[in-house]
Amino acid sequence: MSPAWPPRTVIRRSPGLRTLESALYRSGLGPVAGVDEVGRGACAGPLVVAACVLGPGKPAALAALDDSKKLTEKTREQLFPVIRRHALAYHVVFIEPADVDVRGVHAANIEGMRRAVAGLPLRPGYVLSDGFRVPGLPMPSLPVIGGDGAAACIAAASVLAKVSRDRYMATLDDPGYGFAVHKGYSTAAHTAALAALGPCSQHRYSFINVRTVANVRNTAFAAAGTATVVAKGTNRAEGRLSR
């Protein structure tokens, strides 16, 4: 007995970047949108989500397309304009650090995926998401574990999100944090800068490393303020006694 199509369970791996999408198109379920996020694990900077619709063809210009994490920065930058040129539609959403703190990373991620799909200039017939189910979409969808390495539309979305976020992080003018280098992830250099400078507006206070540094600095400032008040009070008392 042949399996039901489209599948209702999570797809763990597709044998090729175009296999799953091609099958959906052949079943009359296109256009197929892929959606992916970048910056989920960063302790600073926005969470960026992209949705992308590629046609059923296989343009040679996108032959290098793969999971953005497997590509070099140079290759991602080269693919970025090519994807935008060949895509039927795409939309990129930025979720600011404060919103990530309020919602939580996972909820912010899901909301970003919904917004990215809703922002597409054409309505997809089917959505493939990387790793997570996306409740609330008005069309059928399927989570694909490792989707950015299993479906071309998800891979394209991952490149759009990654390049968009990296470019934004490079523009931040908070001196000393090195956002252009580590992109907000918890590297040794970022950890050292965070300890020396304290958190800034781009940091996510819901992350334990940021919150710990903030609490330590607040405690130190409060202690310093108390010491100053006590010292001033002592001086005034001594002044009265001397008169």
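Glycine residues also receive a Cβ, built from the backbone N, Cα and C atoms like all the rest.
A TrEMBL annotation is a machine prediction, not a hand-curated record.
What TrEMBL records for this protein:
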BINDING   Asp36, Glu37, Asp130  divalent metal cation binding site
DOMAIN    30-222  domain 'RNase H type-2'
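Cβ neighbour count within 10 Å across all protein chains ranks Asp36 highest among the binding-site residues Asp36, Glu37, Asp130. Those residues of the chain, other than Asp36, Glu37, Asp130, with a C-beta within 8 angstroms of the mean position of the divalent metal cation site C-beta atoms are Val35, Val38, Val49, Ala50, Asn109, Met113, Ser129, Gly131, Gly147, Asp148, Ile154, Ala157, Ser158, Ala161. Summed and averaged per residue, pLDDT over the domain 'RNase H type-2' (30-222) gives 94.
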